[in-house]
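What follows is a set of notes on a single structure, which appears directly below.
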């Protein structure tokens, strides 16, 4: 009976992971290409951070059984008295904030399917940073999968150039394919480094996931506001923080803020293979939906490149060996929200950080 329940939970987890992975990218692309007033992406990043911090605080309060005194003492001790520990999170928070803003830039300028395929480079960057910074080892199959992943992404990019499919984005003079490509590549690099750096900080730490997210969120909100002022300060002062916010925009923000939290809850029922399959299947879903929603054209070359990426993602998620599967795991996908699990065994951390497309702040 318990095996049957676990099997059902795995299928439910798979569905949730696929929906969260695909829906965030498709919804951002949709709201960023609608005619009319366009909301400020920098304000959306700040709003998502505010909602994340608020949610984490509620969870911590719930864990303290509503005891406001214990709640306040914990926050004061962890954030203020142990300020050196809090300051360590300034670096990953800065990178996650940059990553979130870059994802908006990338998705606003690239077809959703192209972004989804290219963003899987975060697996490559996470793996390389894990080897360099955490001294993790990869199996031969994983090294082959990384080469396959890079080749698949390269084929997709060549296809976009040679096939002259830039009309999907160039039709709007405000969009630039090259700008979107640079944004997604930098986002992949930042996702890999931030995820591994965050994992390194967490090793040996007794702080809870939710408390760490509050600490990250404090810097995230501050840095997000700074970026908002620098990039859109004058326009927001004139039009307002919530300018251009529609029900669809709120849906995107809520997906960013709570989608990762939902994934963090269900991801414990999903092993690495299931998460890899979910990421692969979400690429298929994004591509199919892009054809219907945005008129994206799929040809044989794109199918070949995307197929190589899908296979690479699945291969990378396979355990090194059946004997070592329980004791040794490979660096996982960064940002299950996009996106998608975190490096090492802390998949729920990167999932809620989001950062994706959060960041894992990407899968």
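The first residue you see is number 1, and the count goes up from there.
The backbone N, Cα and C atoms fix where each Cβ goes, glycine too.
Automated prediction, rather than curation, is the source of TrEMBL annotations.
Under the heading region 'Disordered', TrEMBL lists 335-363.
Summarising the annotation, TrEMBL assigns transmembrane segment to 12-32 (among others).
Look at TrEMBL and you will find 38-62 (among others) tagged as transmembrane segment. For the transmembrane segment (38-62), the list of distant contacts is 31-32, 68, 71, 74-75, 97, 100-101, 104-105, 108, 208, 210-211, 213-214, 217-218, 220-221, 224-225, 227-228, 231-232, 235-236, 241-246, 249, 252-254, 256-258, 261, 352, 354: same-chain residues at least six beyond its ends, Cβ to Cβ under 8 Å.
The annotation transmembrane segment is assigned in TrEMBL to 143-160 (among others).
Feature annotation from TrEMBL assigns transmembrane segment to 180-198 (among others).
Per TrEMBL, transmembrane segment is recorded for 210-230 (among others).
The transmembrane segment feature in TrEMBL is assigned to 242-267 (among others).
The feature transmembrane segment is assigned by TrEMBL to 274-294 (among others).
Annotation source TrEMBL lists transmembrane segment at 300-318 (among others).
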Proximity verdict for the transmembrane segment (274-294) and the transmembrane segment (12-32), three or more C-beta pairs under 8 Å: yes
Ranking 12-32, 143-160, 210-230 by Cβ pairs under 8 Å to the transmembrane segment (300-318) puts first 143-160
Let me spell it out: take the transmembrane segment (143-160), skip the flanking residues so only those 6+ beyond its ends count, and list any with a Cβ under 8 Å from a Cβ in it. 114, 117-118, 120-121, 123-124, 127, 166, 177, 181, 299, 301-302, 304-309, 311-313, 315-316
